Amino acid sequence: MAIEHADVLRAAHLARLGLDEGEAAHYLDDLGRILEMVDQLQALDTEGVAPMAHPLDATQRLRADEVTETDQRDDFQRCAPAVENGLYLVPRVVE
Amino acid sequence: MHDKTLTELAAGLRAGEFSSRELTQDLLGRIDRLDGRLNSFITVTAEQALATAEQADAARAAGKAGPLTGLPLALKDIFCTRGVKTSCGSRMLDNFAAPYDAGVVERLADAGTVSLGKTNMDEFAMGSSNENSFYGPVKNPWDLNAVPGGSSGGSAAAVAAGLVPAAMGTDTGGSIRQPAAFCGITGLKPTYGRVSRYGMIAYASSLDQAGPMARSAADCAQLLKAIAGHDGRDSTCAARGVPDYPAQLDAPLSGLKIGLPREYFGDGLDPAVESAVRDAIKVYESLGATVMDVSLPHTHYAIPAYYVIAPAEASSNLSRYDGVRFGHRCEDPADLIDLYKRSRAEGFGDEVKRRILIGTHTLSEGFFDAYYKKAQQVRRLIRQDFLDAFDEVDVLMGPASPTPAFDLGANKDPVSMYLQDIYTIAVNLAGIPGISVPAGFAGNRPVGLQVLGTHFAEAQLLNVAHQFQQATDWHLRRPAFAEESA
């Protein structure tokens with residue numbers, strides 16, 4: 001399946017990745033060739049094969065319902081770009 | 001001391017020939033003198049290392065030393081280490097000091113090892129040459145014009161150059177085995193779920209696995225024993241017992257059935273690599289093993305399937321880098337969307353962006369079934385190939401990489417770089433373990449023999465690799481670079 005310039009811009013927006021027109025053109029070429037390589041998969045008949053998400057087909061284990069996390073807010077916010085009174089700061093979103 | 005194995009260094013510490021502090025000091029000096037030309041470390045934690053070494057010496061004096069107490073090593077900069085920069089090779093995390101230790105880091109510390117620092121890597125472990133690092137490429141100590149492989153290139157180069165006797169790596173599509181092969185060391189990718197992924201920065205969560213890189217299979221056995229086992233903080237970490245890997249190294253190989261996948265000896269395989277691998281297999285025959293051809297018919301679909309599944313998982317995992325909670329943040333964002341978009345555009349490098357875009361595209365509406373679901377179906381067929389082969393043989397053998405280490409800058413095209421991983425990538429899709437063992441040279445560059453086993457067969461792989469190393473001396477060869485200013 002071919003990929004178009006608009007697809008690259010759409011993916012960049014969905015991924016919240018800033019990309020100008022020139023960069024989108026650069027990636028369009030690379031992505032086109034990667035998807036061409038990926039398209040070899042279409043040659044294979046996979047009718048009735050269950051998709052495999054995990055190499056060991058494991059199921060999620062349950063643990064005892066106990067408190068295991070302690071308050072480490074100060075530790076975790078030490079590496080944040082901007083915090084105030086324990087809150088993360090971002091540009092104003094509500095006027 | 002710098003050219004000894006962990007096993008030899010442990011004996012030296014036990015006999016009191018040198019202290020952990022002396023050993024650590026010696027290696028820190030080598031890093032200081034030699035690493036400027038290799039670039040294998042991103043961060044050297046000298047003070048912390050010396051303090052830990054002194055604690056190890058004190059523990060030994062008090063009769064409390066274990067097999068790894070006081071032994072130095074390095075950690076790929078993908079493992080979170082409390083209070084220490086953990087960059088994952090990315091500008092995004094250049095300012096990130098992890099607030100906690102990864103499971104692997106905790107276990108190695110509990111075992112008394114001494115970390116000398118954090119090694120260079122392809123950004124977010126995406127790459128096969130270590131040229132995708134924000135901190136610049138690593139050089140191969142066997143030939144400074146060659147790449148060390150990737151993504152655990154810093155770990156491999158540091159071990160090969162005698163800066164550390166061992167290092168931790170991670171392997172999502174070959175990132176332990178291929179650099180181990182390129183640098184002439186031993187590298188083990190365990191079964192998916194054998195080692196905790198807690199605190200190991202995620203690239204593709206259904207494929208990522210940590211493992212040891214060292215100078216011998218015996219050393220890898222000691223390290224795997226220390227890091228393997230259940231960790232409730234990683235829901236995919238296997239809840240099963242850890243065998244005594246070192247105790248099983250000496251089992252004889254008579255009767256071992258080796259399969260040679262036809263697809264691993266086909267077009268594109270460098271003749272000098274093939275010749276070294278075939279010679280290694282003759283050594284196994286002389287040790288009593290029998291050899292037969294087998295087929296892994298879906299081999300050629302492994303790279304296409306991987307380049308759907310891994311970028312899809314990466315696009316999801318890397319969405320956490322938002323410029324808000326940690327990591328790089330752009331200057332003066334106009335609004336929240338601008339903050340996200342510019343922080344990510346500035347923080348990520350070219351290859352990471354490429355994979356985020358591919359992953360986001362293939363997961364998006366209208367494309368999901370054709371790409372992601374299809375790739376997951378193919379993934380099951382690939383795993384079945386291996387399970388069928390292991391019904392007939394005990395282990396599979398072949399080259400770790402189709403070529404020896406290539407020149408820096410030689411693979412500029414992303415697709416041709418991806419094709420480098422043809423012999424390693426299916427192993428991650430199937431979740432089985434694999435080890436790369438030094439098996440000779442192509443010109444002046446090392447060749448790695450890859451040995452594969454079924455799920456949780458690490459003890460067998462280590463035994464098979466160790467027996468080869470008892471019969472050959474490829475793993476004892478050291479590059480001239482390591483001796484230059486020794």
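Sequential numbering from 1, following the chain as shown.
Placement of Cβ uses the backbone N, Cα and C atoms for every residue, glycine included.
Noted in TrEMBL for the protein shown:
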| type | residues | note |
| --- | --- | --- |
| ACT_SITE | B:Lys76 | active site, charge relay system |
| ACT_SITE | B:Ser151 | active site, charge relay system |
| ACT_SITE | B:Ser175 | active site, acyl-ester intermediate |
| DOMAIN | B:22-462 | domain 'Amidase' |
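This view paints the features noted in TrEMBL onto the structure.
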residue	record	Cβ within 10 Å
B:Lys76	active site, charge relay system	31
B:Ser151	active site, charge relay system	34
B:Ser175	active site, acyl-ester intermediate	37
Mapped DSSP class for B:Ser175 (active site, acyl-ester intermediate), helix or strand or coil: coil
Rounded Cα-Cα span from B:Ser151 (active site, charge relay system) to B:Lys76 (active site, charge relay system), Å: 9
Integer Cα-Cα distance in angstrom, the residue listed as 'active site, acyl-ester intermediate' to B:Ser151 (active site, charge relay system): 5
Local backbone state of B:Lys76 (active site, charge relay system), from DSSP in three classes: strand
Local confidence of the prediction over the domain 'Amidase' (B:22-462), expressed as mean pLDDT: 97
